[in-house]
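Annotated features, as they stand in TrEMBL:
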BINDING   Gln239, Tyr268, Glu289, Asp349  S-adenosyl-L-methionine binding site
ACT_SITE  Cys374  active site
ACT_SITE  Cys374  active site, nucleophile
Amino acid sequence: MLLRPLLHGQGVTSCRLVRAYGVLTSQRRILQAQCCEQMSLAKVDEARYGEQLSAKADKLREKFADFSLPELEVFDSQTEHYRMRTEFRVWHEGPDLYYIMFQKPAGDSSKAHERVRVDQFPVGSKLINELMGKLMEEVKEHPAVLKEKLYQVNFHTTVSGQAMVTMIYHRKLGAEWIAAAQKLRKVLGACPSSSQPSVHIVGRSRKQKVELEAAHVIETFTVDGRQLTYKQVEGAFSQPNGGMCEKMLAWAKRMTRGSSEHDLLELYCGNGNFTIALAPNFRKVVATELSKASVAAAEFNLEANDVTNVSVARLSAEDFTAAWRGKKDSRRAEGLNLKEHDLRTILVDPPRAGCDEQTNELLRDFENIVYISCNPDTLHANLQRMKETHKIRGFALFDQFPYTEHIECGVYLQQRQ
Ligand SMILES: C[S@@+](CC[C@H](N)C(=O)[O-])C[C@H]1O[C@@H](n2cnc3c(N)ncnc32)[C@H](O)[C@@H]1O
């Protein structure tokens, strides 16, 4: 049994098997999938993957039926081992402990979340699965130092085989913990899918962060035959489905080909994921992002990939828009020398809530718009404003989150003549 829901209450005295989910294979009953940092559990049935993806495509076409649409391009995912990162709470039960996640009971969304035991996690990368077991064995071997008050474990892996594990405690971490965690790094590095001799471990407790040896991983994606490297930082956003991310980058690059006479504005740029892949398509690029850690990662990534035509600034989309409209002074926006640019294409990849009202209005100023969205509802609402002025030229479904309801998609719009 891989995953078991546990009684939600004090202590855990009884576990029951999850037959109710009706999953076909005995090994894959319930899996976790995470959408935009939001945890949920999903049924996995590889045999029905194609059918589920077709249903998502139909839903998306229907949702956008009020637009004149080109053919929808549908990009399928690996059906297992596609998630590069995940978070588990740790449940202590007497001398035992194991990973848990939370999910709503099937068929009744009004009920409280229930705990689900997770011993293996087939939607997670192979490396996550290897690390999960090894880490738990080691923690049990060293109850006083690694196990005591361990509250949560986050795994972040890459297609390139790197890994970072964050262990969160309800107690201060001292020299003894550091020594034990250093040994654990090597044990985890010996996992067959690891490309590092020892993985990075970050220890956290209240007001304390211990980095062994770093709080990031280096991902490698291949886009258009070009190898791109990305520093992905602990706690900052990175696309969860690595294989799908490569497909998204290739699609956006294809959509914006032939733009080398003018410049790109990108909002919500994260660690420079799209920025670095698309920069060769443009003369110059201006990219902005709210998170300080992501901006620092983006700067690192530009240098690591020898990208020299991009300026990055830490600015919220709201502040950038206000500065663009001349409604607010911003030293950071001034530093971007916007007047020296010929910004005709805009790329946005906002959180689930979509673009705020002003930023949404700003999109209309641009000849070309690339909008990447993890929420078709907010995308559809945001695009209403563009109906009269722009036409959808490219439309894609990226199946970032197989076996869940979640849909990631991209649209490419061009101004009407
Ligand atoms: C869906 S992620 C996309 C990041 C990046 N494009 C990528 O592919 O990795 C959304 C990003 O928007 C940033 N963000 C959230 N709210 C923002 C805001 N109001 N202004 C600018 N960036 C924001 C987040 O920090 C996150 O990096």
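Using N, Cα and C of the backbone, Cβ positions are placed for all residues, glycine too.
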How many other Cβ atoms are found within 10 Å of the Cβ atom of Glu289 (S-adenosyl-L-methionine binding site), counting all protein chains shown? 28
List, in sequence order, the residues of the same chain other than Gln239, Tyr268, Glu289, Asp349 whose Cβ lies within 8 Å of the centroid of the Cβ atoms of the recorded S-adenosyl-L-methionine site. Phe237, Cys269, Gly270, Asn273, Phe274, Ser294, Pro350, Ile372
Cβ-Cβ neighbours of Gln239 (S-adenosyl-L-methionine binding site) (radius 10 Å): 28
Can you tell me the three-state DSSP label for Tyr268 (S-adenosyl-L-methionine binding site)? coil
Could you measure the widest C-alpha to C-alpha distance across Gln239, Tyr268, Glu289, Asp349, the residues recorded as binding S-adenosyl-L-methionine, and give it to a whole number of angstrom? 15
